[in-house]
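A quick write-up on the structure given underneath.
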Amino acid sequence: MLILRGAPALSAFRHSKLLEQLKQKVSAVSGLYAEFAHFADVNDVLTSEEQQVLDRLLKYGPSVPVQEPSGRLFLVLPRFGTISPWSSKASDIARNCGLSKIQRLERGIAFYVEGQFSETEAQAIADSLHDRMTQLVLGDLEQAANLFSHAQPKPLTAVDILGGGRAALEKANVELGLALAEDEIDYLITSFNGLGRNPHDIELMMFAQANSEHCRHKIFNASWDIDGQSQEKSLFGMIKNTYQMHSEGVLSAYKDNASVIVGNVAGRFFPDPETRQYGAVQEPVHILMKVETHNHPTAIAPFPGAATGSGGEIRDEGATGRGAKPKAGLTGFTVSNLQIPGFVQPWEVPYGKPERIVTALDIMIEGPLGGAAFNNEFGRPALTGYFRTFEQSITTPHGDEVRGYHKPIMLAGGMGNIREDHVQKGEITVGSKLIVLGGPAMLIGLGGGAASSMATGTSSADLDFASVQRENPEMERRCQEVIDRCWQLGDRNPISFIHDVGAGGLSNAFPELVNDGDRGGRFELRNVPNDEPGMAPLEIWSNESQERYVLAVGVEDFERFKAICERERCPFAVVGEATAEPQLTVTDSHFGNSPVDMPLEVLLGKAPRMHRSVAREEEIGDDFDPSTLDIEESVQRVLRHPAVASKSFLITIGDRSITGLVARDQMVGPWQVPVADCAVTATSFDVNTGEAMAMGERTPLALLDAPASGRMAIGETLTNIAASLIEKLSDIKLSANWMSAAGHPGEDARLYDTVKAVGMELCPELGITIPVGKDSMSMKTRWSDEGTEKSVTSPLSLIVTGFAPVVDIRQTLTPELRMDKGITDLILIDLGRGQNRMGASILAQTHGKLGRVAPDVDDAEDLKAFFAVIQGLNSDGHILSYHDRSDGGLLVSTLEMAFAGHCGLNLHLDGVADNVSELSAILFNEELGAVIQVRQDATPLVLAQFSAAGLEDCVAVIGQPINNDEVSISFHGEPVFSGQRRLLQRQWAETSYQIQRLRDNAECADQEFDALLEEDNPGLTVKLGFDVNDDIAAPYIKTGVRPQVAVLREQGVNGQVEMAAAFDRAGFNAIDVHMSDILAGRVDLNDFKGMVACGGFSYGDVLGAGEGWAKSALFNSRARDAFQGFFERSDSFTLGVCNGCQMLSNLHELIPGSEFWPHFVRNRSEQFEARVAMVQVQESASIFLQGMAGSRMPIAIAHGEGHAEFRNDDALLEADVSGTVALRFVDNHGKVTETYPANPNGSPRGIGGMTTLDGRVTIMMPHPERVFRAVQNSWRPEDWNEDGAWMRMFRNARAWVN
């Protein structure tokens, strides 16, 4: 084994933060130093040349001064017997670089901690430095040799029920954490007595996972009686009623991994499977929709919990039908009170929590990062979501109890697209190969399905921790590329059947696959790819290692499937074959036995149906009179409540422009304020139709009136999605996610009554279907605190997500108040019809109260009329701005509109209030409704339309936006409230800022927060030195000659399709080229005029961002020759964007004229930054930027490592004067800047892109390929038609070729 020291592992900011954490744990800690340690398992001595290559490979990341370590060593390594995702990718890179003597590379972090501490304190330090699920801590570098030793497989064990009877199975139930019910234990004893043998542990685990509440939804399928009265339908039956009443537009419901609804027809853009040339195929592009929860893992380990939650939901979409493509994501969090240190709010009363789960604040720091990191690396934009906190002591008939979300809600959802012919699963023929696609088995996430079905606190902490999975998004990306290549083959798609691997691992996925295909299966356990050879059969079969799919591929299609996997470098294995008889057999060639041999009907068959006999409880509540409150104090409290406050800290960490199909993200207007009501994507690059999604949830209302909380969640979803242009209300389909503390007094009846209100009443009345959903029935946390039994129980929680096809994505409304449209009015549409019910409102919560009467949807006809009128007014161009009324009420809706429009407000409440005592309730009630901005000359017509629809009593003019910074509210001329927009916006932004400050580089957070005080910030602007609507490539396109451009990608790259679309539009033939094509000699770069290296996360950024990709080109002789030859050709051009920019900057030794280029390293904020930034095009030789010098315009940014690092100040100066700086970040006034967030990565002198001395090679961190259409821009000037300003860049390249 070779030991190679690496670079320091912590930036200055991360170092001081970790040192502070360690000092809090162990006060004797006085110093800390951390560096990477690399270990190489070699089968022979390396030559000096090979050693040099290895040394260069392992030099990556930013240049940080190296120290001589002192202090006690805590060496954090991957657990022995495992292979980390880092290791598998780094080892791949080494092999691609010709280092065949290296069998494996592995990496650890050597922490050197100074101070005098005891062994107990040393253990506390070790606990803080590692994740015991996947890592261990050593005190000696040499001990790392055990990384490369192989453990012996553990054998099978049987449970002796023939001899030991029921007691033996009850013992196994506890030890293995199976969560079997009494009747299931009886069922298993009967079944195995019938088979005449003892069950193996693997069979029991498999049964427990397949029949867990998590997988079987027993409560939703149960029979019920309430208060002694038998109920006619099950919960699931009532949800399905919505489909039975209105099934039009639904292509698949309740039977697959996601549901499918009818989409628009467009030119679906992808590479031809034979020629690899990108092109558009005109066809229906149907919409798939799915929303999942990952609550249990997120409570225990928020980053991996939320990451694998997102990953699992993405796999559900990809595994729909015969293979589909995920498109856009959403995320949601509900937690208990945050109690931010130094920012604890008056309503946040400390109650404590069990040891086994983390705090609400930790969940909101780590969880969103996990979810965002997975989506970012996979390459899916995160476009909408919600965030709520709730934790309150309430009085019930049984005494006081705390209701809240110690077991959080972590919601991961999204939509995708699927071809019409692939919506339904195919046939599994006898003899079909049963394949696992994706990563290897590892001992992680064991028993997750059963664990998440228990109330937190009823299983052991070790079992809880073992049930959390770990993520590897780059592997999932590779799997998705395989699935994409398969569905792109159309009727030659080799996939006949596909499922994702989730709860229960292969033990759930393979039986489900063959059972759904009406087959049995025969499997060989040792064919499962396995990175932990010491696992027992149960562990191999049931672990929940992520990023895996199971597929059935016909024998005749297998070679085609295999070739696709090899090109994409995606691991797969044939584990079994389909049989005619419905028997499940798993053989084990290592031990020569059969760990599983049972009829599928025993596993999945007649397990007893649950019956629930429950009683209703009287409703609870307390008195709350808002009229006695000080309005200024109320405003301040409400604006700081997390459900109301800015969600910026959740949004800028997630890529919102990847795919180039995003038409509406959360950030609105020239000042990019996070207030959008819905998310909208384009169907494809050639149309203006699309898809919308929006969310609704009002969970605290369930404590007062559970059915009202369900109806309000649906109502809010509709008032949110109404901002997009949708043909008719029934086009909207809903996902319903139900969370409940089943068994808690009154909760089961509340659940039943709410499902009935939604499924049997409101949805049928609206003509809306719920074709998909998910339930989580164990929303309670119990623990003992110094002998006192404590518990926190969540309210019944229905989270609704709406999806719909969109008629015209250019007509999506936003809350941005327009000050350039003359005199305008603000009109309130109050669907509560003046009732102003305050129950469970944010205002009540910020005073520790609930109130008594919840807002509700009293009449479905009002909601239908509202939707129709808004759609009509939008279609006719009458609405300038739109925002729904929700958390915080009318006051918050109008303030958010003013924040987005950077203007003041003059509100007068004369038309909506009768007396002063009503004013607080009018400003803060959360009844359904919306505020719209219309031109004053159109106000009579707009009011008349509402009147004609029966909503005359719901509408009133409440004021006007004004062109200054003042917010004033009056009643009959008397002032009610006044404030400055800037200061109110700071209050609204402060909760987000406080979390950002704890999580990211505090200096950056401070700069962004202070920028809100700037008075004359003009926002994003456009100043062009060319005509955006002038197509300079048109004459060349007319000739019919289309030069070829190689759209280059490596494993983990995810931005190739939109890049190809931009070049295709400019008149090129874009060809899909994988690095594996170049390494294998399948592709010759001499066939291409241009090459573009695309964005993403090549090798998951292992060995540095873009560095692994570059080094596999530098140190592979065939690839090096190919690239060098291409760069030296005077008729060739090259573009590198984001990850491609990082990659090309590391290839500078092959690129003539690139000697001034920097190295790109971690952003100054230490965070992934997804924003719209202003850049100025510099005077340079770049062939892409000719005629654009001096132009200033917005561009999409999405990167974690974009900081341009030069060797020293002289090198920076040389670059500056060499004329090779192509782009610089500027502030909204047009000045070159290093200030955050205008300069999102902190690059010196605002450097955002470089070119070569002759201009043929250009690299940049921003993403022009994501904003080449006008509609792709989060904000754009109104005079832009089809093209965005950045389209000019691609047309310049086409003109240059001629």
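The backbone N, Cα and C atoms fix where each Cβ goes, and this holds for glycine too.
If you check Swiss-Prot, you get these features:
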type     : residues                     : note
REGION   : 303-327                      : region 'Disordered'
BINDING  : 305-316, 384-386, A676, S886 : ATP binding site
BINDING  : D677, E716, N720, D884       : Mg(2+) binding site
DOMAIN   : 1045-1298                    : domain 'Glutamine amidotransferase type-1'
ACT_SITE : C1138                        : active site, nucleophile
ACT_SITE : H1263                        : active site
ACT_SITE : E1265                        : active site
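The residue listed as 'active site, nucleophile' carries neither a helix nor a strand DSSP state and counts as coil. Sequence-distant contacts of D884 (Mg(2+) binding site), defined by Cβ-Cβ distance under 8 angstroms and a gap of at least six in the same chain, are D677, E716, T719, N720, A722, A723, S893, L928, G929, A930. In this structure, the recorded positions under consideration are E716, E1265, and the one with the smallest number of other Cβ atoms within 10 Å of its Cβ is E716. As a whole-number mean, the pLDDT of the domain 'Glutamine amidotransferase type-1' (1045-1298) in this prediction is 98. In terms of DSSP helix, strand and coil, the region 'Disordered' (303-327) has 16 helix, 3 strand, 6 coil.
Residues D677, E716, N720, D884 make up the record's Mg(2+) site, and a Cβ search at 8 Å around their centroid adds C678, A694, G696, T717, L718, T719, I721, A722, A723, S886, A930 from the same chain. You'll find the Cα of T308 (ATP binding site) roughly 25 Å from the Cα of C1138 (active site, nucleophile). Using a 10 angstroms CA-CA radius around C1138 (active site, nucleophile), the recorded positions that qualify from G305, G311, I314, T384, H1263, E1265 are H1263. Note: the Cα of T384 (ATP binding site) and the Cα of H1263 (active site) are spaced 21 Å from each other. Separating the Cα atoms of I314 (ATP binding site) and H1263 (active site) is a whole-number distance of 24 Å. The binding-site residues in question are T308, N720, and the one with the fewest Cβ neighbours inside 10 Å is N720. Here the CA atom of A676 (ATP binding site) lies 22 Å from the CA atom of H1263 (active site). Its Cβ taken as reference, I314 (ATP binding site) is surrounded by 29 other Cβ atoms within 10 Å in the chains shown. The C-beta environment of G311 (ATP binding site), restricted to residues of the same chain at least 6 apart in sequence and closer than 8 Å, consists of F374, F378, E471, P473, E476, Q546, E547. Recorded residues E1265 (active site) and G305 (ATP binding site) have their alpha carbons 32 Å apart, per Cα-Cα distance. When other Cβ atoms within 10 Å of the Cβ of the residue listed as 'active site, nucleophile' are tallied across all protein chains shown, the result is 31.
Close to A676 (ATP binding site) in the fold, though at least 6 residues off in sequence, lie T384, R664, D665, Q666, M667, V668, A723, T814, P815, each with a CB less than 8 Å from its CB. DSSP gives D677 (Mg(2+) binding site) a coil state; it is part of no helix or strand.
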